[in-house]
Amino acid sequence: MAETNVDRFDPGRDGWIDETLGHVRYGLRGKVLEDRHSALQRVTVVHTEAYGNALLLDGRWMTAERQERHYHEALVHPALCSAERIERVLIIGGGDGGTARQVLRHPSVEQVDMVEVDAVVVELCRRHLPDLGGDGWHDPRLRLSVGDGIAWAEQAAAASYDVVLVDGSDPAGPAEGLFNRSFFQHCRRLLRPGGVFATQSESPEAFRQLHIAMVRLLRELFGHADPLYGWVPMYPSGWWSWTFAALDGPRYRIARPERAAVVAAGCEIWSPRWQEGGFIAMAAGIARALDA
Ligand code: SPD
C-alpha cells in the first residue's frame, strides 16, 4: 500500500491537520490537544472544527467523536446480529472504545475480550474522546488487555469465540500483522460453530489492491466472505469497507430481527436495510476483479 508520510505530518501548524497518502491529502481544520510518541507509534489527538475531538496514529485518521459511528456500527452490528450465539466476543485493537461500546449494546453478550496493543491509545482516548467507549469502559463484561492481539489470536483456545472483530489501523507499524494469512487462519480457528469474523478492509479506491487481496484471502480461508461498503468521510477517499466471513455460509448478510430490534433505534448509520444495500453495492470493477 502507499505509505502515509508520517515525517511530513505537521499537525495544526497552519490550522489544518492532514493525512498524506501518495499525492493526496485528507485534511480537517483544527488544533492539537496532545501529540505523543508511544513505544509503538505517534499518537495524536486533535480538536477538529467539523467532527469534534479526533485521533490519529502515525499521522493517519482513526476516528472522531462525530464520525465514529459510520465505522463502528458497520463493523459490529452485521456480525453481532448474525452469529449463531454472541456470548463471547473478541476485539483485536479497538483501543478507542467505540467497537466495544457497540458490542456491549447487545444484551446477549456475556464477555468481551479486547486486546489493544498500545496503552497510550486507550489513555488518550479515555481522556479526550470518552464518549466513544462511554459506559462500556465500566461494563463488567469488558476485559481489556494491553498486549499483542496477534499473539492472543495464536494462543487462545480453538473455538473459543462466537464473534471475532479486528479493529486495527492500516497495514503499517503495529497493525501490519493484522492483514496476513497466518493471522486470519488463527482468527478462523478461534470461531465457534456458527461464528462470524469481521475486519475493516480498507478503501476500494485508496487501497484498491489491498482491499481486493483481503477479500480474496478471506474467501479462500473461510469459504464465505463478503465486503460491506459504506463511507467514513475523514478516511482516504471516504469510501470504506468491512469484510465479514463465516465457515457455514454467508450468515452475516442477514440480520436477525430480534437482535436488530434491540440496537437499531440507537444507531446513526446501521440498520438491516442499510446493511443489505451495503453488501449489494459492490462497484462493478471490484466485482470483476474478484471474479477474475
Ligand atoms: N485508514 C484508517 C483505518 C482505520 C481503521 N481503524 C479505525 C479505528 C477505529 N476504532
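Placed from the backbone N, Cα and C atoms, the Cβ positions cover glycine too.
TrEMBL does not curate its annotations; it predicts them automatically.
From a predicted model like this one, the values you see are computed outputs, not experimental measurements.
Pulled from TrEMBL, these are the features on record:
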ACT_SITE  D167  active site, proton acceptor
BINDING   Q41, E116, D148, G149, P174  S-methyl-5'-thioadenosine binding site
BINDING   H72, D96  spermidine binding site
DOMAIN    14-247  domain 'PABS'
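Long-range neighbours of E116 (S-methyl-5'-thioadenosine binding site) (same chain, six or more residues apart, CB within less than 8 Å of its CB): G93, G94, G95, V122, L144, S145, V146, G149. A coil conformation is recorded for Q41 (S-methyl-5'-thioadenosine binding site) in the three-state DSSP classification, outside any helix or strand. Other residues of the same chain near the S-methyl-5'-thioadenosine site, with their Cβ within 8 Å of the Cβ centroid of Q41, E116, D148, G149, P174, are L40, G93, G95, V115, V117, D118, G147, G168, A175. Counting neighbouring Cβ atoms within 10 Å of each of the recorded positions (D96, D148, D167), the lowest count belongs to D148. For P174 (S-methyl-5'-thioadenosine binding site), the same-chain residues that are 6 or more apart in sequence and have a Cβ closer than 8 Å to its Cβ are L40, Q41, V117, D118. Around the Cβ of Q41 (S-methyl-5'-thioadenosine binding site), 23 further Cβ atoms fall within 10 Å across all displayed protein chains. Looking at the residues that bind S-methyl-5'-thioadenosine per the record, Q41, E116, D148, G149, P174, the two CA atoms farthest apart are separated by 16 Å.
Looking only at Cα atoms, D148 (S-methyl-5'-thioadenosine binding site) sits nearest to D167 among the recorded positions H72, D96, D167. Listed in sequence order, the recorded positions among Q41, D148, D167, P174 whose CB lies under 6 angstroms from an atom of ligand 1 come out as D167.
Neighbour list (H72 (spermidine binding site), Cβ cut-off 8 Å, at least 6 residues apart, same chain): T63, G98, T99, R101, Q102, L132, D167. Restricting the average to the domain 'PABS' (14-247) gives a pLDDT of 97.
Packing around G149 (S-methyl-5'-thioadenosine binding site) is summarised by its Cβ count: 27 other Cβ atoms lie within 10 angstroms of its Cβ, all protein chains included.
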